[in-house]
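Novice: What TrEMBL records for this protein is below:
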type	residues	note
TRANSMEM	15-41	transmembrane segment
TRANSMEM	53-76	transmembrane segment
TRANSMEM	96-114	transmembrane segment
TRANSMEM	135-154	transmembrane segment
TRANSMEM	193-214	transmembrane segment
TRANSMEM	240-261	transmembrane segment
TRANSMEM	267-290	transmembrane segment
Amino acid sequence: SPQQYNVTSYGATTVAIITLEAFAGMWINAFILCVLGIGWVKKKTLNSNEKILLLLGCSRFCSLCFSWAYSFLSFIFPNYLYVHPVLQLAVSFQAFFNQCNLWFSACLCVFYCIKITNIRNSFFIYLKVKIDRMVLWLLLGSGILALAVALIAYDVADKPHCNNRNSTGQRNFGRANIKMDEHFFPSFFLTGFGYAVSFTAVIFSAVFLLFSLWRHKRTMQTNSMKDLSMEAHIRAMKSILSFLVMYSINFVCLVLKMVYITKKGSYMTILIVLLEYAFPGLHSLTLIFSNPKLEKTLLKILP
């Protein structure tokens, strides 16, 4: 029927857009993983910045894989998605890697802030000395937080399934889906809280870096050490500000998703999906061009 054709066309268009963006993002993050992984094997060690970038690239690659698989099933084979425990596992894995992506990105911004800024404060100097030892604990804490959110997401996704296990027929199945969407709202608010906390950390990092850059510019002299410091400030600011802009767009997408979650056929949903899938690839690309080692390697392999 015409209605069925429209729905199929919408699903096919959305899956096509998602596939292009997801595979582009996976390629970009796989590049980061390969370069840093090869460097790790050769040097037998990684610095703190590379450890965060490696885990961030890994979490984004996995996040894009699971998100693509979830979207593909939800648009093309929805009946297979709503079989226990496929939906619950898909939601929990998505939540885990999305939260890892958020917190690892925030850790990278905080690391740049502490490592590069020149603020004469005893606590800040203490953090600057200890930051390399603290990175592993920050990453471990981020992983534990992400795991906690994933477990809650599994429980949230499991409840409507249990409540609607006896629902049969097309009409009851549709009602079950709507009820399931309503049950996802607590998970959205929990994700929103994670966004808000990590977003605050990114904003403070940007403010401190701007203040340090302004102070450095005032006292800058013409020797090479000052020039290197200036360049480090600018590179860090590019990474953090690009993340700040994309973070804001991603947060708006989260809010819009809460509004349009039950409107599967809306063109606004396509726009939200397009922006969401663009974020991991675009920010990782910015990180590549902010890192001399990654930038040099990328320019070598590009024609």
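Heads up, residue numbers simply count up from 1 along the chain you see.
Quick reminder: no glycine exception, Cβ is built from N, Cα and C everywhere.
A TrEMBL annotation is a machine prediction, not a hand-curated record.
Remember, predicted model here, so these are calculated numbers, not experimental data.
Quick one: where do these features end up spatially?
Specialist: Only residues 6 or more beyond the boundaries of the transmembrane segment (53-76), in the same chain, are considered here, and those with a CB under 8 A from a CB of the stretch are 11-12, 14-15, 18-19, 22-23, 25-26, 29-30, 32-33, 36-37, 40, 46, 86, 90-91, 93-94, 97-98, 100-101, 104-105, 108, 139, 273, 277, 280-281, 284, 287, 291.
Beyond the ends of the transmembrane segment (96-114), by six or more residues, the same chain brings 48-49, 52-53, 55-56, 59-60, 62-63, 66-67, 124, 127-128, 131, 135, 138-139, 142-143, 145-147, 149-150, 153, 191, 194-195, 198-199, 201-202, 204-206, 208-209, 236, 239-240, 243, 247, 280, 283, 287 to within a C-beta distance below 8 angstroms of the stretch.
Counting residues 6+ beyond its ends, the transmembrane segment (267-290) has Cβ neighbours under 8 Å at 10, 13-14, 17-18, 21-22, 24-25, 28-29, 31-32, 53, 56-57, 60, 63-64, 67, 71, 101, 105, 108, 235-236, 238-239, 242-243, 246, 249-250, 253, 256-257, 260, 298 in the same chain.
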Novice: For the transmembrane segment (15-41), could you work out the same-chain residues 6 or more beyond its ends whose Cβ comes under 8 Å from its Cβ atoms?
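Specialist: Hits for the transmembrane segment (15-41): 50, 53-54, 56-58, 60-61, 64-65, 67-68, 71-72, 75-76, 270, 273-274, 277-278, 280-281, 284-285, 287-288, 293-294, 297-298.
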